[in-house]
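Trainee: Reproduced below are the annotations present in Swiss-Prot:
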- Asp481: active site, proton acceptor (ACT_SITE)
- Glu290, Glu320, Asp481: Mg(2+) binding site (BINDING)
- 44-497: domain 'ADPK' (DOMAIN)
- Asn89: N-linked glycosylation site (CARBOHYD)
- Asn190: N-linked glycosylation site (CARBOHYD)
- 1-32: signal peptide (SIGNAL)
Amino acid sequence: MFSETFVPSIFSYKHRLLHLSVLFFIVPYWYSYYNDQHRLSSYSVETAMFLSWERAIVKPGAMFKKAVIGFNCNVDLIVSGVRVVDALNTTCSEGKDQETLETLADLHQTFAHFFQRGAAAERYMSSEDQFNLLVAESEASTRSHHHIGGNAALMADRIAANFPSTEVYLVGPIGPRSQALLHPSVKRTNSTRILKDELHVILEYKQGEILGDWVAPSSSRFITSHDHFSGSMVVMEMFFKAIAQFRPDLVVITGVHLLEFQSKEMRQEKMRLIKRNLLQIPPKVPIHLELGSLADEIFSTDVINKILPYVDSLGINEQELTFLSHIANGPHMEEYPVQAGTVHVHKVVEMLHWLLKTYGRDPTGQIASKTGYRLSRIHFHCLTYHIMVSSGTDWSNLAAGLAAGARIAGRLSCNIGANTMDSELLEIRTPANFVLDKKIEKNYQFEAHNPIASWMREDVLFVFTPVLVCRLPSKTVGIDDAISATGLLYSQFYRLNRPTHW
């Protein structure tokens, strides 16, 4: 038998108050922990992902105060693509991608080409008469809707509505209807007002819709237009003049893809104008380029070489990324055109790494051929996942920007309110596990409560998240612009070196 002296004094009867206090601490702790685990396990996958994004979204220490955005603005006429194309009385035996549409038959062929792939695209209609016929047929549709359109106007509208502390100045051709549709706090210039709005016809279709012998594998849209002003020299000059006058701490340039349909001489002159003015913007002011649908290889090569290196940030989707890789001898050239579904993540990672390393800023400043290069951030978005890529130290808070963009993607498609969460309308479409980066053998294991993954490859940071996809989307147009604008405003930019004054 042990004597009482062997019993530690802490367990003696004299310390009963200590025992009770420890007990009163442990019991609530374990009860709270059990309840938290039980509550988390009771969430649906969709709700768990949404709450995880909410936790990741933190506003940057210094928000952008002033933004100048240009230069394409129009009114989107959104219609049922299948209904309108069927009503055109044209025939189409096979889909074929036309760089420029001259007739309604060309429209039918090109629409069918992308429809059977479920891929978004945009093409210019060279004949004003044919375009007016399409507009008349579209406006006669019982389900036509008018919305603000154009990448610049959509991004300005999104920032004004969701980031009231940021003053937004939009430069673009603004007609009477777009003037009424724009958010009232968006500042605009009278010098680019037009009497009649530019119209873009948005031919939307839903997954499972039938056009002739083809079935749409996913919901998407086809855009066509006959713009007069968005790519005009006057609008572009006013855009860069506004930058000098307004002195913003953020510049967003969009609509460059609309120059593709102009004469070679005209677009070369405008490309020189853009590059010359980009070089005059101080390095402390970030420039974001939102890319649009491209088809002409010569023009797109000019964009890659003459504009892309001289912006700080790029917004891009899978069609645009694979096309750039295809024409510039990048990795996985065979992925263009994108077929039904999305490109494997590890292939997109390879293309993004190539794009940033080839056309991005040299943090060391030792590569002479990259003098003046600024690109250090890419925000990639497709239907099922988003990736943020960055090099150097200029950009931070990137996971918050990625999560904020991912959070709104499916919600906008389904038209779900900001303060509601209807998980039945959304679904996850990525596998439970897959390869993120083959080169460094980085794998992804899906966890609904922690969907965001990040890793370094050489000096490049990657941040990845799957996205909740709308099962029955009510709209597809404008989602990319909203994602990019939201991700950009949650990102923080600060360049330490090369101080410059306006």
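A Cβ is built for glycine as well, from the same backbone N, Cα and C atoms used for every other residue.
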Trainee: Which value does the mean pLDDT take for the domain 'ADPK' (44-497) in this predicted structure?
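Mentor: So the average pLDDT across the domain 'ADPK' (44-497) works out to 94.
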Trainee: Is it possible to get the count of other C-beta atoms within 10 angstroms of the C-beta of Asn89 (N-linked glycosylation site)?
Mentor: 9
Trainee: On a simple 10 Å Cβ count over all chains shown, which one of the recorded positions Glu290, Glu320, Asp481 is most densely packed?
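Mentor: Most Cβ neighbours within 10 Å: Glu290.
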Trainee: Secondary structure at Asn89 (N-linked glycosylation site) (DSSP, helix/strand/coil)?
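Mentor: Note: Asn89 (N-linked glycosylation site) is coil by DSSP, not helix or strand.
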Trainee: How many neighbouring Cβ atoms, not counting its own, are there within 10 Å of the Cβ of Asn190 (N-linked glycosylation site)?
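Mentor: Step by step: centre on the Cβ of Asn190 (N-linked glycosylation site), count other Cβ atoms within 10 Å, giving 6.
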Trainee: Given the recorded positions Asn89, Glu290, Glu320, which one's Cα is the least distant from that of Asn190 (N-linked glycosylation site)?
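Mentor: Closest by Cα distance to Asn190 (N-linked glycosylation site) among the recorded positions Asn89, Glu290, Glu320: Glu290.
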Trainee: Pop the Cα-Cα gap between Asn89 (N-linked glycosylation site) and Glu320 (Mg(2+) binding site) into the table, whole Å please.
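Mentor: Per the Cα atoms, Glu320 (Mg(2+) binding site) and Asn89 (N-linked glycosylation site) stand 31 Å apart.
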Trainee: Taking the centroid of the Cβ atoms of Glu290, Glu320, Asp481 as the Mg(2+) site, which other residues of that chain lie with their Cβ within 8 Å of it, listed in sequence order?
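Mentor: Here the nearby residues are Asn151, Thr254, Leu291, Gly292, Gly315, Ile316, Asn317, Asp480, Ser484.
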Trainee: Give the three-state DSSP assignment (helix, strand or coil) for Asn190 (N-linked glycosylation site).
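Mentor: Asn190 (N-linked glycosylation site) sits in a helix per DSSP.
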